[in-house]
C-alpha cells in the first residue's frame, strides 16, 4: 500500500468542556478529492485549523505523507506541502491582487528577507503571480487593490493564494460561500482543472458541486466521524438522513 | 522611487540651507531639532504604521543610547566616536532583550509592556544616581569633531543631522517597498494568513522592532551630542507620547508623515512658546483639530482633500471648496 497523503489518527480538540473534535480518524490517499460534510458546528473548520496548525490538538496525530505535523508551527506545515483557504476571506486588503499572490509565493523563499530591493522589480515573480491569477481568471484585475474588487473575485483570490504555494495537499474551506450561480460555475471549473496529483480536502455546503467533485466523503457530527465512504455509500446510509434531518 | 523622493530632497536641501538664509543660531538649532525628532518618528513609524504595533515606550531607545554615549564619553573616558558606536551597539543589545519580552504581546498588551520597559530604564536613570547623575543627568557630553568636520559649529552639526535624516528616509523608503516591508504590513493585516503561507510572523516583527530601535538609537546619539546633556526626562512617558503624536499627527504608515509631525511638534514647542505662555494648550488644540479633520493624519488627510478637490474641479466656484470641505 502506498503512503497516505493525509493520515489523521485519534485527533481530538477540547474547548474547555466542549469537545469540538473528538477522536477523528481519517485516511486520505494521494490525489483523492475528499469532502467533509456535516451540519453547522460539526467541527469541520476546527479540523482544518488543527491540520494546518492554527490550533494545537488535545490529542492525536496528523501525518502528511508520513511526516508528523503535530507540534510544528503553521509555516513549517506549509513547507511540508500543505495549503489552505479560509471560509472567512483572509486577504491583504491594501495590496494589489498581484502583490497578494507575490506575498504568498515569497513565503517559502529566502528572498522574503530582502529589505533593499523593490518588491515590484522582481519581474520573474510578477510573471509567476500573473500565471496564477490567470488560472483563477483574475489576471485582468492584477493591479487593482483587493478593496477595489468584487466579493466573487476575492473568493477566487483566496484559492490563488493557496495555489501559489504549489501544495501537495490543499484544504478548501467553503470556496463557493456566498457566490452567485455564474461564479460558482467558474470556481467549479477551476477546481476541476487542478492537477490530479494535488490531494484536496473540501468543506462545502453546495451539494451539487461538492458531490460531483468528491470521490470520498466523510460525514462529521458533533465533532466525530459518523461515516466515511463513497458517494453512494453515504447517500444510502440511514445515519446521513438522521444527522441532517434529526431523529 | 526617484520621483517620489524629489519632494524629500527639496525639503532636506531647504533644511540644510537654513544657515545660508539666517545667521541666527536659534533657527539653525531649531532645524537640527526637527531633523533629530524626525529620525526618531520615522523609526517609531516602522512599528506603528507598518507593523501595527503601537508602542508607548519608544523613548527608551533614544534614552538608552543617549545615556550610554554620555556616560562612556565622560566618566567612561572613551572618545566621542567610539562612545557613539558602543552606545548604538549597547542599545541594540538591550533592544533585543526587550523585543523578546514585548513581542509576546500585541495590541493593548504591547502598549503597556513597551511603556513598562521604558519606565524601568527611566527609573534606573532617575534613581541610580552614582552612575546616571539622577535627576541632574550627565552634562558636558563632548561632541565629536575634527578640523575637517567641526561639529561644535551649529551649521555643521545641522548638516550631520540632515544627512542622517536623508539616510533614514532612503533606507526606510526602500524598506517599505521591499519584500520585507510588504511582508511586515502583511503581518499587520493578516498574521494568520502570513504564517499559513510560510512566514515567521514573530521574526518579521522582531526585525521591525530592531529596525525601529536602530533609528531610535541614532536619534539618541544626535540628541546627546546636540544638547551635550542627558536627563531622565527624555525617557518620561510624555517623551514617548510625543514621538507617537508626531507619527499619528503626520500620518502613520506614510514616509512624509513622521517628518511633518516632527516639524509640527518641535516648531509648536519652540516657536509658539515664545508668544504664548500656555503653548501646551495650543499643541493640544492642534491635535484635536487634526483628529477631527484628518483622523488618519496630515499626509493622508491632504491626499483625501486633493482627491475631493479633483472631483469638485468642474464646479463653478472653486474658492468655496475648502470651506465646504471644512464643514464635513
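Note that Cβ sites are derived from N, Cα and C of the backbone, with glycine treated the same way.
Here TrEMBL flags B:26-48, B:55-75, B:81-103, B:110-129, B:156-176, B:202-226, B:246-268, B:280-305 as transmembrane segment.
Proximity of distant same-chain residues to the transmembrane segment (B:55-75), defined by a Cβ-Cβ separation under 8 Å and at least 6 residues beyond the stretch ends, is recorded for 40, 43-44, 47-48, 82-84, 86-88, 90-91, 94-95, 98, 102, 110-119, 121-122, 125, 131-132, 137-138, 140-142, 212-213, 216-221, 223-225, 229-230, 234-237, 239-241, 243-244.
The transmembrane segment (B:81-103) shares more Cβ pairs under 8 Å with B:202-226 than with any other stretch in the list B:26-48, B:110-129, B:156-176, B:202-226, B:246-268. Annotation: stretch B:26-48 has the most Cβ pairs under 8 Å to the transmembrane segment (B:156-176), among B:26-48, B:202-226, B:246-268. Through the fold, the transmembrane segment (B:202-226) approaches residues 29, 32-33, 35-37, 39-40, 42-44, 46-47, 50-51, 53, 55, 58, 60-67, 69-70, 80, 84, 87-88, 91-92, 95-96, 99-100, 102-103, 141, 143-144, 151, 157, 160-161, 164, 168, 172, 175, 180, 183-184, 187, 194, 234 of its own chain, all at least 6 residues removed from its boundaries and within a Cβ separation under 8 Å.
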